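Now, the feature entries from TrEMBL:
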type     : residues      : note
TRANSMEM : 45-70         : transmembrane segment
TRANSMEM : 90-111        : transmembrane segment
TRANSMEM : 117-141       : transmembrane segment
DISULFID : CYS181-CYS197 : disulfide bond
TRANSMEM : 230-255       : transmembrane segment
TRANSMEM : 261-284       : transmembrane segment
Amino acid sequence: QASRLVELPYSSFDDDDDGDTAEQNPGVWYPDPPKLSPFSHCVRYLAFLWNLLFLLLGLLILAVGIWGLLAKSPLPGGEHGAPLGSDPMLLFVLAGLGASAVSLAGCLGAFRASPCLLRFFLGAVLAFGGLQVLGGLLLLLARRQLRDALWDLLLLCLLRYREDPDLQFLVDEVQRSLQCCGLESYRDWEINPYFNCSAPGAQACGVPASCCQDPLENGSVPNVQCGFGVLGLGAAVAGAVVHTGGCGAALGAWLRGQAGAIATGATALVLVEAVGGLMALRVLRDI
């Protein structure tokens, strides 16, 4: 039996209703989509592996944040714990969730050739890049306001030193590394309710052990009592036991010294995001 399909010439009217024409007239011939070049296949696989790497990194950051929240005793938001919204480990959780979600969309978009997921990935990358550029501009244009905000943050760390284990670890590391004590001087620890001279307990009128010039005191284990009673001593006597200079000026000088490294890291992060976005654009164009 002779075939009833007839190959018809191309007409410009076919562009108006491609789907209807294919159903009403099955004899119309449509060209096959062009085959992907080896370079396109390579870019697609590389985009998948690229996003898979950052997906694993995001999951690692998320795991660290969750572990930090669960490892606290008592748990955040408890009777004596810090509120969950002000917990520093929450930043790790949010960063891990954001990186994992965006990287997962890039992975699935490249693997499944999904335009929707690739567009979501590109939009997220552009949003993150825009926020980074905005943050850089704020650093350049609002230095005074940012310095005041950093000052208030350090003051808050002094007030909540014994109430939040994360803030306590951060303050101890800063004072030990920069060899400083307090915000402007070691006397700033008087604002802490645990180290105030009118507070009950052995820590009254003292400073943390991280302020001491020699916390080991020729031993192998740090002496946590090396700063006890320092606030009741004179400046000359206290200077022989603890670092009397404040951490505000020392931290500012350290940040200025690390400006080149911070700028290099931010530039590298933008380049990484740009490479991922360009690969996603190439895969989306091939689709």
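Going from the start of the chain as shown, residues are counted 1 onward.
Here the Cβ of each residue, glycine as well, is placed from N, Cα and C on the backbone.
Here the disulfide-bonded residues are CYS181, CYS197, and the one ringed by the most other CB atoms within 10 angstroms is CYS181. Counting Cβ pairs under 8 Å to the transmembrane segment (261-284), the top-ranked stretch among 45-70, 90-111, 117-141 is 117-141.
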